[in-house]
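Asker: Before I ask anything, let me first share the structure, which is written out below as structure tokens.
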Amino acid sequence: MSCCTWPKILDSDCCLHLTPAVACLTLEIWILHLQVNLRFGVRGPETRTGTETDTCTACAGTIILEFAALSRFTGDPTFEAHARRALDFLWEKRQRNSNLVGTTINIHSGEWVRRDSGVGAGIDSYYEYLLKAYILLGDDQFLQRFNTHYASIMKYISQPPLLLDVHIHKPLLPARTWMDSLLAFFPGLQVLKGDIRPAIETHEMLYQVTKKHNFLPEAFTTDFRVHWAQHPLRPEFAESTYFLYKATRDPYYLEVGRTILENLNRFARVPCGFAAMKDVRTGSHEDRMDSFFLAEMFKYLFLLFAEEEDLPFNVEDYIFTTEAHLLPLSLSTASNSQAPTLVNNMAGEELDDSNFEWTCPNTRLLFPDPAFPRNLREPIRSAVDKSCPHPTTHRDPGMGRPPLRAQDFMANNPEHLELLRRMGVSLIHLKDGRVQLVQHATQAVSAVAAEDGMRFMQEMMELSSQQQKEQLPPRAVQIISPPFFGRVVLTAGPAQFGMDLSKSSSGVRGFVTIAEPYNGCSVLSNGEIVAGRIALLQRGQCMFAEKARHIQKAGAIGGIVIDDNEGSSSDTAPLFQMAGDGRNTDDVTLPLLFLFHKEGNILLEALKEYREVEVLLSDKARDRESIFKGKALPGALLDGSTDGAEEEDCSTEEKDHTSPASSEPVHQSQVTIQEQTTDDSGVGPESVQPAEGLGSYVPVAVGEEPAVDGDHSSQSVDSLMADWEEDLEAFKQMEKDEL
């Protein structure tokens with residue numbers, strides 16, 4: 001409808017294409033279709049519309065200002081007549097006992113689809129346009145209808161300072177226990193009505209909720225907890241702030257406006273404009289900026305702070321549409337002989353105006369005490385402050401046993417997963433071995449559980465932030481037994497516990513063997529074989545530190561954990577670090593490294609082929625001369641090895657200092673956590689990284705050193721190398737490892 005909201009439209013072609021959305025209906029039902037194709041109309045296969053059966057009350061009842069303005073600009077009464085018929089129909093469909101309207105109506109049958117009623121989403125601008133239609137057009141009928149609805153709103157929906165939806169047939173029965181942010185327009189409408197007291201109370205409640213979360217959440221509960229965490233930069237709260245300041249001239253509302261402006265600049269401003277908030281609790285953004293933000297938000301903020309001389313015209317001579325466009329009040333006297341005759345159904349009746357239904361009260365006479373607004377705000381502020389949740393890592397007394405703590409969480413524990421589900425937290429395993437934790441507060445079993453979920457996510461972020469400060473560089477697993485002789489280097493992830501290989505000049509070398517059980521989550525059954533060797537383990541089923549303790553108890557000198565996520569590789573995945581189990585890990589003294597699935601398979605295939613495979617665990621690859629110093633080795637393999645090693649060391653050092661940092665973006669419309677270093681089950685206490693900009697990843701790769709030319713002095717080595725020719729060719733296709 002936006003093409004019909006401009007006040008100076010001289011060409012009616014746009015709205016001539018919109019009128020079929022109303023006119024095509026039966027003579028009895030005059031309700032707008034939800035969508036209309038401006039080229040083909042409403043019905044027909046080429047329109048790709050007209051199949052909708054429902055529309056909201058606000059959609060059907062929010063065209064009278066624009067269509068009436070168009071009729072008076074053009075002299076064609078058709079547009080205003082259609083809009084009036086739509087309002088007449090909605091008025092006739094009100095519930096006669098409660099005088100409330102529903103939220104959604106069937107455009108074919110005229111029956112209410114949703115029978116809940118409030119002043120927020122789905123109904124808001126219907127009430128707004130009844131009052132503004134009276135102000136613009138001067139028709140008493142609009143004011144009469146608005147007053148009837150308003151009396152019911154204040155009787156059933158208003159529970160100061162709350163505005164709660166009710167059922168139209170049972171108005172004493174609440175329809176829900178939460179409020180949506182669109183009701184923030186209502187204090188401004190109450191100012192136009194002249195009912196200042198409840199406007200101040202509701203606005204103050206909204207302001208206190210805003211101060212808790214920087215923005216007004218899309219929906220919040222009656223105890224002021226977040227229900228829907230999004231905030232698409234809606235302008236309704238700024239609109240009400242402007243109208244309250246105009247009515248009271250209380251500088252308090254200038255401070256409110258400054259808070260709105262500062263929060264926009266601090267939390268929503270991005271290089272290309274302002275981004276909607278995906279979650280007001282975490283400050284994550286959504287890649288969108290709706291048109292109403294520019295059309296309304298800055299307009300109301302400018303008018304709030306503007307002095308009279310800053311404005312090129314008198315705003316009092318205009319009425320704001322719901323999109324904050326200005327229509328001149330002079331339209332009510334526009335010369336149009338075909339305009340509908342004004343209706344005054346109250347003629348001849350004695351008017352009781354004790355409730356100021358037909359006049360605007362002078363609030364300075366009603367409330368002469370200058371401290372009156374402040375006295376109204378104080379109890380509201382105290383009530384919200386007591387109810388609104390404060391960020392805390394502690395569970396409130398009397399709320400039962402404490403929730404799952406981040407440092408205790410294990411992704412393979414069914415009980416932990418069930419606790420997450422109840423808190424509205426879901427766990428997603430990514431193909432590259434990382435894990436995402438996503439919270440949807442609306443999926444929690446209760447408001448308390450949703451709060452527990454938020455605390456759990458906050459703990460994860462804090463632990464991840466600590467872990468980022470301890471980020472370690474990659475390690476190397478170098479196969480040194482024949483036929484490799486140190487040529488194959490596998491990039492490995494470090495552990496945040498156990499032996500620090502960067503402090504060992506020689507590293508740890510030994511033959512590898514597969515632990516039994518392979519997951520290493522219990523006492524090893526082949527401990528006598530593992531003793532004195534480097535144990536190969538599979539990721540999963542328990543914490544990394546637990547695996548390390550089991551192989552250390554069996555006498556292993558080191559361990560290599562191989563990812564169970566098929567297809568994972570250091571070529572594409574970020575560096576992986578293994579975290580502890582949240583307890584003291586000083587008892588683990590052996591080195592533990594992590595290989596992705598692709599690199600781990602190379603080692604397993606070598607073990608399968610040759611049975612005795614020796615590896616070197618170190619902080620970086622060693623040159624062959626230092627590895628085999630004092631041992632017989634084919635001269636061709638040593639030829640130029642020292643120079644090559646020096647070059648490798650230089651390139652490694654350069655790479656470590658020039659490797660670009662990268663960060664993972666936030667996914668979903670809620671708190672998102674991604675894993676970089678995890679326990680063996682997928683997530684650990686120091687293993688989960690916030691998805692947005694809390695760390696950088698070091699790209700790593702697996703490769704083979706260039707082949708050394710020259711005559712081979714050992715035929716046995718040549719024959720062994722021939723057996724591995726295909727594998728070596730495959731290694732050459734990988735990115736060269738600068739280690």
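Glycine is treated like the rest: Cβ placed from N, Cα and C.
Fair warning: this is a prediction, and the values are worked out from it, not measured in the lab.
Quick paste of what TrEMBL says about this protein:
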| type | residues | note |
| --- | --- | --- |
| BINDING | T322 | Ca(2+) binding site |
| COMPBIAS | 659-680 | compositional bias 'Polar residues' |
| COMPBIAS | 729-739 | compositional bias 'Basic and acidic residues' |
| DOMAIN | 514-603 | domain 'PA' |
| REGION | 635-739 | region 'Disordered' |
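Neighbours and distances for these, please.
Answerer: Here the Cβ of T322 (Ca(2+) binding site) has 21 other Cβ atoms within 10 Å, regardless of which shown protein chain they belong to. For the recorded site, T322 (Ca(2+) binding site), the DSSP three-state label reads coil.
Averaged across the domain 'PA' (514-603), pLDDT for the predicted model comes to 90.
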Asker: Using DSSP, how many residues in the domain 'PA' (514-603) fall into helix, strand and coil?
Answerer: 21 helix, 17 strand, 52 coil
